[in-house]
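Peer 1: Pulled the feature table from TrEMBL, pasting it below:
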type     : residues               : note
COMPBIAS : 1-11                   : compositional bias 'Polar residues'
REGION   : 1-22                   : region 'Disordered'
COMPBIAS : 12-22                  : compositional bias 'Basic and acidic residues'
DOMAIN   : 264-356                : domain 'Transglutaminase-like'
ACT_SITE : C272                   : active site
ACT_SITE : H330                   : active site
ACT_SITE : D353                   : active site
BINDING  : N393, D395, E443, E448 : Ca(2+) binding site
Amino acid sequence: FSAATQPSTNWHLKENTRDHHTSKFSSKELIVRRGQAFVVTFNGIEQPEQNLTFIAETGPKPSKQAKTQATFGISSTVSKENWSAVLQSTSSNSASIAISSPANAVIGRYKLSVQSTSSGSSSPATLGTFVLLFNPWSSGDDVFMSNKAECEEYVLEEFGIIFSGNTHHINSFGWNFGQFQGDILNICLSMLDRSLNYRQDPATDVSHRNDPKYLGRVLSAMVNGNDDQGVVLGNWSGNYEGGKSPSSWTGSGEILQNWKKSGFKPVRYGQCWVFAAVLTTVLRCLGIPTRTITNFSSAHDADGNLRVDEFYDASGNHLERGADSVWNFHVWNESWFSRSDLGPSYSGWQILDATPQEESGGIYQCGPASRNAIKEGDVDLDYDCPFVFAEVNADCMYWNYDPATGKKTLIFSKSTTIGQFISTKAVGRDDRVDVTSDYKYEEGSRKERDIFKKARKKLGLEDKFDPTAPTPKEIEQKPDISGKFKVAGPLEVGKDLNLILVLANLQPDVKSVHVNMTAWSTVYTRRPVREIWKDSISVTLSPEEEKHFPVKISYAEYQQQLTTDNTIQITALCHVEGGIQVLVQRDITLDNPAIDIQVLGEAKVNKEVDVEVVFTNPINAEVMDCVLQVEGNDLLRGILEIDVPPLKAGEKSSTKFKLTPVETGSKHLLVNFSCDKFSDIKAFKTVKVID
């Protein structure tokens with residue numbers, strides 16, 4: 001080419017993005033997947049059959065050796081191992097060429113240039129840029145997923161459902177991942193360029209971007225704000241001043257946009273589901289099949305002994321002692337890719353966790369840990385398997401601790417409480433699927449205990465004397481009484497909390513028991529925040545007698561103390577005369593009142609339709625500072641915030657707004673309603689948009 005005839009490029013956006021499952025991106029730039037051909041037409045080429053050499057390069061220092069630069073001429077067939085160009089058709093001054101990348105190409109933004117070899121040493125002409133992503137539809141790709149419905153859900157679906165609550169009561173809420181919206185792809189790519197690895201050695205970092213294990217690990221660090229000025233700052237204090245409360249978000253888009261707008265300062269604030277949801281958005285955007293997983297009664301084993309220790313004082317207060325904890329629930333990610341480093345039996349779902357809990361390799365990152373390795377107790381395999389294994393398998397020890405003397409006494413231990421109802425959203429449906437059996441063998445079975453022993457052995461815990469562990473004698477003690485809290489009424493914010501403490505004498509002789517009870521508001525990690533109530537009773541139990549003691553905590557007592565998680569922990573520490581102490585506890589999640597969404601009429605493309613959101617104030621006091629937040633891809637642009645007037649006791653509010661859908665299909669509208677008495681009441685509505 002002469003300088004005068006700079007070739008113009010037709011990237012065939014419509015056809016290429018359709019073939020590459022990238023048509024949901026709203027980009028003027030071509031976005032394609034690796035290991036698959038895309039067609040480009042060049043105009044202004046005088047002799048298309050002349051010797052053309054193409055150059056595709058990415059990163060700050062492209063090199064052939066690092067596989068960040070490829071030069072390739074026109075060939076008659078596609079190469080599996082290398083980049084190639086095959087002539088499709090030519091006319092007098094244009095050529096259509098199918099360009100293919102290898103299935104293990106580095107992903108990211110590429111510059112494409114062409115050079116004519118016949119015209120001597122002219123410098124290459126730049127044709128433009130394109131973005132290359134992972135390809136779960138291609139059998140040669142590390143992220144290949146043979147089930148097409150799973151590809152649709154785990155790569156292309158922008159709506160998700162996240163499970164929360166506790167083992168007694170599983171809740172769920174919708175989330176807008178929005179991986180194809182606006183500028184999200186560019187933000188995801190800039191995230192890679194802001195990682196510690198990139199800052200230390202950009203060229204090497206980019207050369208590893210062909211590997212989903214590498215990217216998954218790097219991004220698990222970048223999604224939290226620790227170490228690297230990543231995306232979200234965690235806060236579990238119950239006080240979220242200076243930022244947005246973690247439970248108020250309804251999608252990842254606003255978080256990622258805010259991160260970019262602020263000049264890449266961590267967005268305040270997130271908790272586990274926020275980190276997991278943002279990581280889902282980023283990985284789906286880049287083409288790695290990913291889903292969120294919720295583990296109920298999730299252990300945070302800080303010292304790596306597969307044991308979680310909890311401490312209570314004589315009054316039954318849950319003490320913040322030691323770094324171990326058991327969360328009501330914890331949300332992490334699973335991503336689907338092969339593990340060439342471990343072998344085929346460890347391929348498939350891999351656990352990644354962006355919540356900053358423990359450092360790994362000196363920074364807050366976690367995974368990928370092979371789910372099969374967790375199930376089989378192969379905790380010596382990369383990466384972070386011991387931590388993840390403990391999250392679903394740790395044994396639980398409950399201690400009485402006397403702050404005055406520093407003496408601790410074991411109350412009881414349990415090996416079946418941790419890791420229950422492990423949940424994810426169904427493929428193509430809004431239902432919960434239980435995947436607990438993919439993480440461990442049946443609780444209490446011989447096989448499950450054998451795997452636990454195998455893991456302990458691999459971690460060197462079997463042979464080592466642990467001075468903090470309870471003695472066999474302590475573990476074998478049997479209590480004289482049993483106790484439990486039964487729920488006796490609705491568990492709803494705004495209503496009194498009614499429970500029954502049931503105590504039963506297991507012995508053939510009379511027992512005197514002194515019971516200290518406390519109730520605290522907590523965050524979902526069961527960290528106590530504020531005391532709500534305390535009481536104590538003395539009880540005499542006849543031989544084998546069962547007695548019921550009603551416990552009532554009024555709304556007035558807990559209303560001011562509640563956190564945005566609506567969680568309360570109630571504890572009864574029973575001091576049995578002449579016997580060991582018995583700890584009775586229950587974690588309660590209160591439901592918010594319902595909010596109702598109605599679409600008034602048919603939703604049609606490019607036609608306005610009214611939506612009504614109805615909320616009834618269920619308490620006999622006025623609620624104020626009411627705000628409704630609405631978002632939904634292809635239904636409205638950005639996030640709609642509507643101030644709702646105060647509502648008197650029992651009053652019903654109706655808020656109307658308009659949507660203009662821009663695309664047909666099943667769309668999701670997400671709403672979040674907050675006021676001074678209720679935080680973050682969430683709901684979603686599926687809207688069928690027709691032509």
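Note that Cβ sites are derived from N, Cα and C of the backbone, with glycine treated the same way.
For each listed feature, how buried is it and what is near it?
Peer 2: Sequence-distant contacts of the compositional bias 'Basic and acidic residues' (12-22), counting only residues of its own chain at least 6 positions beyond either end whose CB sits under 8 Å from a CB of the stretch, comprise 28, 30-33, 36, 38-41, 133, 135, 137, 151, 155-156.
Under a cutoff of 8 A between CB atoms, and with a sequence separation of 6+ in the same chain, the neighbours of H330 (active site) are C272, T294, N295, S298, H300, T355, E391.
Within 10 Å of the C-beta of E448 (Ca(2+) binding site) there are 17 other C-beta atoms, taking all protein chains into account.
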Peer 1: Cα distance, D353 (active site) to E448 (Ca(2+) binding site), nearest Å?
Peer 2: 24
Peer 1: The domain 'Transglutaminase-like' (264-356): mean pLDDT?
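Peer 2: The average pLDDT of the model in the domain 'Transglutaminase-like' (264-356) works out to 96.
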Peer 1: For the recorded positions D353, D395, which one has its C-beta crowded by the most other C-beta atoms within 10 angstroms?
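Peer 2: Result for the most crowded candidate: D353.
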Peer 1: Please report how many Å separate the Cα atom of D395 (Ca(2+) binding site) from that of D353 (active site), as a whole number.
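Peer 2: Spelling it out, the Cα of D395 (Ca(2+) binding site) and the Cα of D353 (active site) are 21 Å apart.
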Peer 1: In whole Å, how far is N393 (Ca(2+) binding site) from D353 (active site) when you measure between their Cα atoms?
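Peer 2: With distance taken Cα to Cα, N393 (Ca(2+) binding site) is 17 Å from D353 (active site).
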Peer 1: Check the recorded positions C272, N393, E443 for other C-beta atoms within 10 angstroms of each C-beta and report the one with the most.
Peer 2: C272
